[in-house]
Every structure is written in C-alpha cells, then in structure tokens.
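Asker: If you scroll down you'll find the structure; I have some questions about it.
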Amino acid sequence: MAPKTAKSPSKARPSNPSQTNSFDTRTPITPELQTPSPPNGPSSSSSSAAHVVPSPGGGMPVFFDSKGNKLAYPVPNGLSPAAINNTESLLRFVILALICGAAIGSRLFAVIRFESVIHEFDPWFNFRASKVLVNDGFYEFWNWFDPTAWYPLGRTVGTTLYPGLMVTSGLIWHALRAINMPVDIRNVCVMLAPGFAGLTAWSTYLFTAEMSTPSAGLLAAAFIAIAPGYISRSVAGSYDNEAIAIFILMASFYSWIKALKTGSSLWGMVTALFYAWMVAAWGGYVFITNMIPLHAFVLILMGRFNNRLYTAYSSWYAIGTIASMQVPFVEFLPIRTSEHMAALGVFGLLQLIAFVETVRRLVPGKQFQLLLRAFVVAVFVVSFAALVVLTFSGWIAPFAGRFYSLWDTGYAKIHMPIIASVSEHQPTAWPSFYFDLEMLIFFFPAGVYWCFKELRDEQVFIIIYAVLSAYFAGVMVRLMLVITPVVCVSAAIAFSKLLEAYIDPAIPSDAADESAVEDQPVSKSKAKKMAAAKQSQPFSFTGLLSGKSSSGIFALDTRFAVVSTLVLFLFVFVHHCTWVTSSAYSSPSVVLASRNQDGSQNIIDDFREAYYWIRQNTPKDAVVMSWWDYGYQIAGMADRPTLVDNNTWNNTHIATVGKAMSSSEDVAYPILRQHDVDYVLVIFGGLLGYSGDDINKFLWMVRIAQGVWPDEVQEVNYFTQRGEYAVDDRATPTMKNSLMYKMSYYRFPELFGGHPAQDRVRGQTIPQQPIVLDTLDEAFTSENWIVRIYKVKKEDAIGREHRAVTAWNGGKKLGKSASASASVGAGVKRGRPSM
Amino acid sequence: MLLPTLLLLILPLALGLSPPPQTFVNTAIARTVELGGATTHVTTQYNIKATADGPGEYHLALAGEGDEEPAWWEVAIGGKPVEGVTILDDAAPTVSVPLGDLKRDGTITLSLTQVLAHKSAPLPAEIEQREPQFLVWKTNSTYVDSWYPSDVERIKIRAPHPPLLSYGSVPTTYTRDSTVTKSGASLTLGPFHSVPPTLGKTEVDQPPFSVHYEVKEPVIGYKTLRRSAEVSHWGANLNIQDEIALVNNGAKLKGHFSRLAHQQSRFHASVPAQILSEFTLRLPPTAHSAYYYDTIGNVSTSHFRQGTTPAQTARSSRVRTSPRTVDGTLELRPRYPLLGGWNYTFIVGWDMPLGDVLKSESQTGRKILGVPFMTPLKDVVVEDAELKIILPEGASDVQIYTPFPVDSIDHSTHKTYLDTTGRYAVTIKKAHCTENHAQNVYVTYSYPLSAQLQKPTAVASVVGSLFLLGMGLRRVNYSIDKK
C-alpha cells in the first residue's frame, strides 16, 4: 500500500496524526504527507475529544475537539482508540450479520407464500441430480447415464453438467447428517440460494472494503443483499447454478485483489480454488477467466508490473487451470478454445516481462534493454500468430455460437432459434436496468468516477469490470446478474464518499485559514467545494437555517439536507427492492396463485396435479412427449422418460417433437409410434387465462421444425391470409389440423354448454365444431385444464386405420341411440362412406 | 361338488385334529351381516346350552374350513369382552372360550363380532366414469360355522342401499318354507332348524352364497400405512406422521378420465360412486399443526379444523359452546380425483400435547405412553400397517403392550436431531387392519433426569470446545517468517 500512496500524493488525504482514522490502519500515513490544512477527506475525527464553547452572541453553540478543531456537532470525548476500534468492529460484525439476515429473509417470499418448493424448470433437473448424488453416491453421480432423458438417445449427465451446485448441496446435506441433523435434500436445495446470498453479502463487503473503506463495504453488502437484479436468480427454491455462482464470483475477485495487494501465493491459490469451484458450478466462469487476465494486462500496459502481480497471476493461473480441467464438462477446453486463450497469453507475457525485468536488473546497458524489449514484442507477436494459425487449423476451437450471440445480438435469431426462443436470452430493455437496480444505476457511474480519481491497482479492476459487464448486461437480460455486483460495489463507494463528506463533523477553522488554504495548490474538487462554500455566503439564512456560526457548506442545515436526501434514497431503494422481489421474482411458476373475489388466495396447482397423476397411475416406463420446456419438470415430478428437455443439446430431436406437434395426425402418429410415445402432454391456458401455454409457444415449435424440415413445415401456413395468428374461425386448415391445436381445444367448447367458447388468453372464440382425435385418447385433464394429457392409441388390433375405427365406433353408437353426442356425429360425416 | 366335500371331510383327519367333545348345543344363532365396500361387519349371537356338567371350553369357529381368520374379531358375554380366549391351531380358525362353570342345561349367550376384509369384489370389474358401481359379496358358508349342533339359525344380510341386483339360493334341507326373504336392502336366510355341526366329521353340505349389490361410496384401501410417532419431552410434544398409499379398490375405470364429464357431474351434484375426491380423518381433539404433503410438495387442497376439549372451551371462549370433546377434523382432497384402480401416496401429520398421552407412574417414575395404532377411517382395510414409536434419547427399560396380536415387534436405534447415542425406537407391524384396530399401543419406559440433560450437555460441550479451539487458534502465529 505504502508505495502506492506515495505515487500519487496529490490525492492523499490531508490529515493530522490526531485524526488518524482508527479503522483505516491499513493505510499508514507517511509523515511527509501531513499538511496543516483542515480535514475534509473521508477520515472521521471521532476519536478526538470535544468540548463546547457557547458562542458569545448566544447563537448556535460551537464545538471543539481536544485539538481545538471546530466541529459541527459534539462527539463523545475521552474514548480510547482501542475502545473505538473494538466498538467499530463489533458494530461492523453486527451490521453484517443483520445484512446477511436481510439477504436471506427477503428471498423467502415464495416459501412463506407458497411452500418450500423447487421453482421453474432448470432447478428441477438440478434437484433431481442432487437426489441422485445423495442417494446413489458420488461415483454413481459422476458416471450417471440417464436413459430416461432424450428418449431413446439418453444423456450422459455426468459429463454434460456443471456439478458444482449439486456437489455443494450434497456436501451441506452430508455435513448436516454427520451432526445428526437429518434435513430433506429438497430443503437444502431450496434454501441454498438464500444461504449463499448471505455469503455473497459478506464477500461483497470484503471486496469493497479492499477497494474503499469498510463503511463502503457495509453499504455494498446491504445493496447486494437486496438488489433485485441478484434476487431474481436467487430466491428460495431457485436452485440454479447462479445461486452459488455470484458468491464464488465475488469471493474469487476478493481473493484476487488480496493476492494482488499482498503478492502472496497463498491468496493466489485461494483465488484458484474459488475459480475451480466456479468452473465446476457455472458456465459463466469464462467471465473470471477473461476478467483477471484483462486486469493484469491493463496493469502491465499502465506500467504497473511488479512481483506481486507476477506471483498472484502465476499462482492463480497455474493452479486454477489445472483444477478447472478436473471438471469432466471442461476437461481440455482451457487449452483448446479461444475463450481461454487470453488467460494463457497473459500468463506467457508475464513470464517474459518478469524475465526481462530480472535481466534488466542484472545487466545495465541501454542497447541490451532495447534488444530485450524487441524480443518481448517479437515473442508476443509470434505467439499471437501461432494462436491464430492454431485456431484456423482447427486445433483450437473458435468461439462457440453462444459467444457470437454476445457480439451480434441478431446472430441467435438467424442461426439458433432454440437459444433465441428463450426469453432470458433477449437483449435487455432499458427499463429493466432501473427495475433491477433502482437508484444504484445512477450512483454506479459516480463510483466508477471515484475509482478513476484514485486509480489504485484494485480500482482499475472495478473500472474494467464495470465496462465489460455493462456491455454484457445490455446484450442479454440474463447477464443483468453479472453487472449487479459491480453496480452495488461502485454505487456503495460513491454513496459512502458522499455520506462521509457530509457526516464528518470537522469544520475548517476560519476564513483566515481558508485564504491560507487557497494559496496552496489544491485539487480540483476541493477548489470546487471552496467555491461552493463561498457562493453560499451571500445567501443569509435566518433562524435555525442561518449558517453564521459555522461557514456555509459545513453548517448543519446543508449537512442535514444532503444526508436526509440520501437516507430518503435508501428508504425508497429498500421499498422498491422489497416490492420488486415480492411481486416479480417470488413466483415458483410451478404453483400459480390467484385472488378470489373476497381477496383470499386461490392456489392453482394444476402442474403438480397432472405430474403426480402421471407418477402414480402410469407404467414406470411410459414415455411422455411434451415441448422441451416441461422436460425437466416431467422428469423431476412425474419421474417418467421424456423425449426432449431443457438441456437443448439435440436440435433435430427437438425439431422432431416440433414437427409432431405442428403436423396433422396422419403425419404425427408414425412419429409418435416410432419414438414409443405413450402420452402426449400439452399446456393449455385458454380456460384460465394462463398466457405461458403451448399455443403461444407454438410458433417457435413451427420455426424449429421448419429449420430441419423446410419442405414439410412452413410457418406461413399457420397464419391467416391477413397475417394474423388466429385460433378462431379464421384459423387456417393447417393450424386446425395440427396436433397441438387439436389437443389444446379438444372438447373445450363443450365446457361452455352452447355459449361461445372463449379462449381467455387470446381473446378469441373457438369454433363450436367438435374436434375429432383419431389416434389419441384424452387420458387426463387437470382441474383448470392447464395440463392436458393424451394417450397414444396402439395400432388397431385388426389392422384398420384409426380414422376408420373412429368412424366405425361413431357409426355404431349413432345407430344405437339417436341422442349421440355431436362429436360422434362429426366422426360419421367424415369417415363413414354410406349409411 | 363331491370331491371338495370329500376333501373337506378328510382334511381334519389328515391334520390329526378331532372335533371337541360334544358338550354344548346352540339353541339359537342369530347372525347379522352388514355389507360394505372393503369390509363386512358380522355380528353373531349364540345361545348356548350345556349338555353335561362341567362342559369345558366352548370352541367357537371364526370362519369356515380353509377360510382366513377375520381381520378383527371379539367375543363378548353380556356386552363385556371375554378374557382368556385362546386361538386353536385348527383347519377352521377356531378359538376356545372359557364359559366358567356351567351345569347341565345351563345356558349362556355369547356374542361374536367380526370384521372381514375383502369379501366383496367389484362386478363388473371395469366400469365407465359415470356408471354405477356394483359389488358381489361371496361366502363359502351359508350356515353359521359351528362345532356343535344348532337348533335354530337365522341370518340377516344387509346391503347399504336397496336395489339388490341378485343373490344366491339356499337348499331347503333344514327349512320348512321359504329360505331367502328379501325386504328392501335386506335379506333374511332361514330360519334353519336342527343343523348338525358344520365342522369336524360332518354330513352338512355348506353351500356358498353371494349377494350382488350397489355401493355409492368409493371402495378405498390403504396399501401401506407407515406411522411414526416421535416423543419429545423437551417440547412436550407427540408428533404423529402417517405415510399412506391409498388405492381405489372399486371397479376399475374403463377407458379414460374425462375432466369435462367430471365437472359436469359435479355441476349436477351427483358425483359418480367410484370417484373419491375427498375424505376426512378424525384426529384427537388436541391435535394441532396438521400438515399434508406428498413426494412433490405440499398439497394445498385441505382443511383442518382443530377440535376442542371441555377444558379448553371453559378457558378460552366467552361465547357459550357446548362443553364437550370435539374431534379435530382433517379434510383431505387428493391432488386429483381418484377413479377406480388409481393410486395416491401422501403423508399427513400433526402434533399433539404430550400430556394427553403420557402418564407418569407415581412410585417408580416410569412413563406410560399411549399411541394410537392408526387413525380410524370407516370401511377401510389397511394391507400393511406399521407403527414406529420413537422414544426420547436415553429412554430405557422399554416394554410394549399391544391391544391385539401383531405380526412383529422390532427394537432399533433411531438417530435424528443432534442425537449422540440415538433414540430407542420400536417398530410394530401388522397386516390386514380395519377401523377396529385403531386402539392405543402402550409403551412404558424409564426416563431419568440425566437422560433429559444429555442433549443440552452434548450440544453445549461441542459449541464450547469450538469456541476454545477458535480462541487457541487465534493466538497461534502461523507465519513462517518469525519476527
């Protein structure tokens, strides 16, 4: 630290030894920096004793500390520095503990409102994998081949997932059992995200305290604890990789900064271990893989290469890379893909520079140095060229498609409809920045500005992080998660700078002093402050607001105005965060809730009703076909084989399901039979007005199917002549004959007993003409018709076409009773040749 | 017909069994059979006359030859259960009942209550969603099985609802006029006169008999019931948790379930007989904190009404309510309506104050705990019931008293929240239970104060040693570079 401070004396804090900040012992103030100027920096003079001198005019009392400095308000005197130090660390501990409590508490809305349940889609897979881990053991999990997913292909799960999350919760589960605390693995999984959110607050505190002051750290911890941008991915039950990834991200950044500051290889190793954990837990580890090299590279360019950087980076890279290669899903990626090349390049560069530095120290002689520099540049160029050649020769894989979609937001839409069809992969809308971060987004640039002002090594890190993540957050909604920590950190720095400036009770002695100060070279900001103080003098307030006893900006009224505004900001922020968390991010989406007319809550539990029915009343090996969104849920809750699921690795298989859903029964039936499908499951929200149903997703099924079979499935056929997406009378024949349309609206109009059948999602009237299903039987429909399950008929025993069978059965019934239902009549009209 | 009869005749001889001495005569037997879904309730009154002084014990047949022992039975004289009834190892399930000292021609009235499981089967075995549900009840013995001759026998069979589709016929060997009389939902068989013993060396031809009747309630059964009862002395709490595998044993669903038809039938207020959409468990009056969930989470469709006891009512309410005990009720709705053949597995549980079920013996300080073996549910047969009583850590000298014979009692150790030595657990298993088995199992154990303090001591010492360890570690300098 000390050399750094010496490097930039202009921005060093002018402070007296008596006012040495008791908690700021990390930054020893060198004697030559002492100036007689009054303190206006962030240091507090709380340690100094104060005494009151009533002003002769009988106006406001004036306070002095033991050194005779003027104070704006009294502070307790006679406290020993040790006592203050202890009190501060106790307070910090208590505040941090409360912040962790708030972080956990604000994520429990879903548990309190609904129950301890796993949310959404991907978490169900993670939960299932965790169950395999704790029930069958680690090696079974590592070698897990799941024959029930992607039927009939199966999935080698062990090598196609990031095991960090499951291993983490498995370890917690085992640890609790070891002390005879048997907790259901489901509860461990549900509470994992809130628990790690508490840890994130703690690691953010440590990280920010390294950047600025511990008080800024506390603010940052409070911000990250309740910032909706992070809560959106870490509410209780949201058992996904991101739940632990943000903690590991902040912890590895903290230990990197620590390693960089101390130059200790121990901290470098800690960074590497956190990095390895991150690699095991989340695909977003690439962010760290590029963030740290970039930071190192920028430091080198700034001419700040030193042995601490060399030690920290080398120990991180060597251990981290080897550790990351132990993850089966990653294996040799760190040396074979472009995403990891920056880290390798910077590692090489550091070795060269270290070599050059060593030689330079030993060999004086300018020509030799020049030679060495040329050597460094040459090696760099050659290795870069080698990299390019290797890339083009195919030995090093170029960037993956998902990364291209980060550079070109239109890329996915054209080349990867499956990725584009996921709503969280869309570019971020402007309002969502404010929605997710509220006032932090305004303080964020201010904090970055403060980092520029001081520009210590670690603050460079914040700047790089801010720039990179701001870009990524703009590209993809999902990556709002990555920007949230840095926004919290830098907003906290700005906020605490402001608060410190306005709460610090010290007042510069007098106008006389002021002029003396003016003579000195002062930094720009200080000059501005002086100017502001001067300008405020012509305004002469009276009464309580009169600033006569103290001077202008240092008066209590100004302090009060600014501090109360900031506090108001904080209150509004907390309110906003709570509201957003409660209203937007705490719905499990497995269970829906609606309000009855009397205001009581009505739980809509159709998904679990249907899944549990499948689980209990169908054969164990019955294959269920549905759109891929529900694959993980079916596997997790219904425990049945599925054709496709949320691990969208096989586009053709998904397109096959899309084709079956979007084609007529004649085309779909052979597909269903070839894939041994026993049940087809569709989500239908028309009765209840649940808009996330399959008819609304239908166009994506069509598009994905069209991508593979452009001749057989065409998107245009599903639109009316006027280009509308209609399900009522205007619907095209292709639409009406599609399996999806038929399954969604089968017998739906009958529910209305002759009245127009209103689809509440699309606001259209479904035609009364009954839908006939020849190859499927309705097997189960949930209470609110959200989940509809159809059983695929086997081939007819005497080899007839299914349509003929339907017609035959219909005809027979018609002959027997005149009051045959309408659906039977339609079957007759269609299939029976003569009567 | 001849061959089985021959076999039946030979069987007791083959087993080396002989009929009891013919020292009794049944002067009159009146039997009432109440048909239900899964269970059949049979009440039989025997008017017995001794034919000799000191006739010995009366051999009472519980069922015919080759039949299973009833799921539940009780022998009573004058409304009081008889003590000292022993089961005999016989071809027909038989018990010997001590009748005390009887003189020649002395009479006594014996009553036998039986609950038979699974005597009725759905016919037709598959019905459509909205069709009525019929069961057929079959018995192998039309006459009341007895080791002694009977003077008069009358059998009444009652179905739950009037229309009886069909019933069997009875040979006129022992009757004068009509053998079967039907009135409404009831059938009267007999009276039969001078029936010789139907068991042992007999010439009586026991004809089978059947009744085909309608049930309007779903026929439900528990495939398994796993109850665990956990005692906590610190919390003064008894937690009872049932894991139940429910199955609709009625006629199987033909075709598929139509939600539309189901909703329409609810609209017309006529839920078809085979559909189970709701049922109610009666819990002890002081039960509280009930819960209901299954493998994939909480089931939100349930209601719990807490019961009251006279003491509670007197204490709490200003409103005058009747000062009587009201059971708590737990209304459970499965996630989906259960049609014929469908399964549903779930877990319910509740807490109750320990003071209601635990007494302390004043002299020895031994604890006496009463745990209900199961929660009664009308007309339900439990195929496999298991009760696991988990006593607090440190309980010793455990003795079990079951109100009825059980299949097995196992002792084991159960480790849960912060246990060090583990808790004493008793597992009691029994197959074929009915609502009559919902009786208390009593456990006595001693539980000294030291056992009570075991857990706080263990936790405190671990936490304390962690603190000490932390203190020690903080005072060690790890730096290689000693300065």
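Just so you know, glycine gets a Cβ as well, placed from its N, Cα and C.
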Asker: Examine the ranges A:267-288, A:553-574 and name the one recorded by TrEMBL as transmembrane segment.
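Answerer: Based on what TrEMBL states, transmembrane segment spans A:553-574.
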Asker: When you get a sec, could you say which of A:54-76, A:813-835 is annotated region 'Disordered' by TrEMBL?
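Answerer: Here TrEMBL associates region 'Disordered' with the stretch A:813-835.
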Asker: Quick check: do the transmembrane segment (A:553-574) and the transmembrane segment (A:188-207) share at least 3 Cβ pairs under 8 Å, counting only pairs 6+ apart in sequence?
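Answerer: Contact between the transmembrane segment (A:553-574) and the transmembrane segment (A:188-207): absent.
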Asker: Based on Cβ pairs under 8 Å, which of the stretches A:90-112, A:188-207, A:213-231, A:371-397, A:433-452 lies most in contact with the transmembrane segment (A:464-495)?
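Answerer: The listed stretch sharing the most Cβ pairs with the transmembrane segment (A:464-495) is A:433-452.
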Asker: Work out, from DSSP, the number of helix, strand and coil residues along the domain 'STT3/PglB/AglB core' (A:621-673).
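Answerer: Across the domain 'STT3/PglB/AglB core' (A:621-673), DSSP assigns the residues as follows: 32 helix, 4 strand, 17 coil.
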Asker: Please indicate, using numbers and ranges, the residues of the same chain that are 6 or more beyond the transmembrane segment (A:309-329) and have a C-beta under 8 Å from a C-beta there.
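Answerer: Apart from its flanks, the transmembrane segment (A:309-329) reaches 142, 158-164, 256, 259-260, 263-265, 267-269, 271-273, 275-276, 279-280, 285, 292-293, 296, 299-300, 335, 343-344, 346-347, 350-351, 353-354, 457.
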Asker: Are there 3 or more C-beta pairs under 8 Å linking the transmembrane segment (A:213-231) with the transmembrane segment (A:433-452), counting only pairs at least 6 apart in sequence?
Answerer: yes
Asker: Averaged over the domain 'STT3/PglB/AglB core' (A:621-673), what pLDDT does the predicted model reach?
Answerer: 88
Asker: Residue list, the transmembrane segment (A:90-112) vs rest of chain: Cβ under 8 Å, 6 or more residues beyond ends.
Answerer: 119, 190, 193-195, 197-202, 205, 214, 218, 221-222, 224-226, 231, 234-237, 577-578, 581-582, 586-588
Asker: Near the transmembrane segment (A:213-231), which residues from the same chain, at least 6 beyond its ends, have a CB less than 8 A from one of its CBs?
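Answerer: Contacts of the transmembrane segment (A:213-231) (Cβ under 8 Å, skipping residues fewer than 6 from its ends): 23-24, 42, 92, 95-96, 99-100, 102-103, 106-107, 197-198, 200-202, 204-207, 246, 250, 435-438, 440, 480-481, 483-485, 487-489, 491-493, 495-497, 499-500, 573-574, 576-578, 580-581, 584-585.
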